[in-house]
């Protein structure tokens with residue numbers, strides 16, 4: 001019975017259609033596993049070149065590069081499979097002024113995106129998530145976030161954090177508190193733990209650190 005429940009949860013957590021299935025990931029994992037992370041606007045769409053049939057290309061206007069291979073100073077074109085069944089990403093919003101947070105991979109020199117990438121409106125991100133992509137996540141990729149799909153989850157090493165949003169908020173794990181407000185941060189000596197990125201929590205930590213320094 002438990003196995004059936006886990007399978008049902010996994011099925012609900014997977015996104016896409018037949019032929020394409022990918023589990024949800026914490027925004028920090030999405031950042032760390034990506035080859036590039038940008039803030040950009042979708043401004044056009046064209047059919048892919050003849051040498052790469054079955055693909056389409058999105059033209060984007062990049063306003064911020066958070067992560068990219070060395071030497072990549074601008075990102076203008078993103079390739080994706082033309083068919084959703086092959087995990088192709090279809091941008092359905094017509095507002096070309098809306099900024100998106102986009103993660104993707106580099107394959108044979110081409111920048112590629114698909115349904116499994118983290119692609120969301122920039123305005124939908126919490127303040128903590130924005131700070132994460134800008135400052136915190138880049139420093140925390142030595143930590144690993146492990147999804148928990150049952151009540152018997154455990155960690156195998158000190159550099160792991162248990163992501164329980166997929167259990168507590170299994171219908172919408174990206175709206176859970178760990179996803180929206182927390183990062184898995186190295187506390188030193190390879191020990192990672194969840195740390196709130198809410199402005200109030202950061203202010204409290206800074207105050208405590210300042211008090212400790214003054215006491216010394």
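Placement of Cβ uses the backbone N, Cα and C atoms for every residue, glycine included.
TrEMBL entries are annotated by machine, without manual review.
Summarising the annotation, TrEMBL assigns signal peptide to 1-19.
Residues or ranges marked as domain 'NTR' in TrEMBL: 20-141.
According to TrEMBL, the feature disulfide bond maps to 20-87 (among others). The Cβ of residue 20 (disulfide bond) has 84, 85, 86, 87, 114, 115, 116 as same-chain neighbours under 8 Å, each 6 or more residues away in sequence. Residue 20 (disulfide bond) falls outside any helix or strand according to DSSP and counts as coil.
According to TrEMBL, the Zn(2+) binding site annotation covers 20.
Residue 22 (disulfide bond): 14 other CB atoms within 10 A of its CB, across all protein chains. According to TrEMBL, the disulfide bond annotation covers 22-116 (among others).
Look at TrEMBL and you will find 32-141 (among others) tagged as disulfide bond. Residue 141 (disulfide bond) carries neither a helix nor a strand DSSP state and counts as coil.
Per TrEMBL, the feature disulfide bond maps to 143-192 (among others). Every protein chain shown contributes to the tally, and the Cβ of residue 192 (disulfide bond) ends up with 22 other Cβ atoms within 10 Å.
The Cβ neighbour count for residue 153 (disulfide bond), using a 10 Å radius and every protein chain shown, is 14. The disulfide bond annotation in TrEMBL covers 148-153 (among others).
If you look up TrEMBL, you'll see 161-184 (among others) marked as disulfide bond. Other Cβ atoms within 10 Å of the Cβ of residue 184 (disulfide bond), summed over all protein chains shown, number 27.
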What's the CA to CA span in angstrom from residue 161 (disulfide bond) over to residue 148 (disulfide bond)?
-> 10
Spatial neighbours of residue 192 (disulfide bond), counting only the disulfide-bonded residues 22, 32, 148, 153, 184 and Cα distances within 10 Å | 184
By the DSSP assignment reduced to helix, strand and coil, which category contains residue 116 (disulfide bond)?
-> coil
Most isolated by CB count within 10 A, of the disulfide-bonded residues 32, 116, 141, 143, 161, is 141
Proximal but sequence-remote residues of the same chain as residue 148 (disulfide bond) (Cβ under 8 Å, at least 6 apart) | 162, 163, 164, 166, 167
Residue 143 (disulfide bond) to residue 32 (disulfide bond): how many Å between their Cα atoms?
-> 9
